[in-house]
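Have a look at the structure below before the remarks.
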Amino acid sequence: MKKNTLLNAELSYIIASLGHTDEITICDAGLPIPDRSQRIDLALIQGIPTFIDTVKATLAEMQIEGVIVAQEFKTVSPQLHDELMTLVQIEEELRGKPITISYIPHEEFKSHSHQSKAIVRTGECTPYANVIFQSGVVF
């Protein structure tokens, strides 16, 4: 369910069309995206847009109740992982309900991302900078 205004029409449409428990993936520039998945390619050049900016824009619009990240993200790219977790914590406080955080191996993450309604590719080039958001409800 949408919460605010987003300029990218494809991403805005996907968020507006999400039902409870539907998922979208926000990924770095290198995550493989299968042809059968809807790709929203925001990447312009290396680093633009960033993973965190894309997450912020998405969280401004999307009600989430679950987060899935690769286990490797926490150990290989701890600074970016911590930034993401801070944003999730803020979202949890705003929501007033807990947000489930799950860690799975990267290979499993790649397979799981194929179930997403859309995969949003950023210009991020930090290893394992990927997240799956599970849609919640605003009530």
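For all residues, glycine too, the Cβ spot is worked out from N, Cα and C.
Keep in mind that this is a model prediction, so the values were computed, not measured.
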Please pick, from D22, D28, the residue that Swiss-Prot records in the substrate site together with H106, Y128, A129, N130. D28
Using a 10 Å radius around each Cβ and counting other Cβ atoms from all shown chains, which of the recorded positions H20, H106 yields the largest count? H106
Residues other than D28, H106, Y128, A129, N130 within 8 Å, Cβ to Cβ centroid, of the substrate site? C27, G30, L31, V69, A70, E72, F73, S77, F109, T126, P127
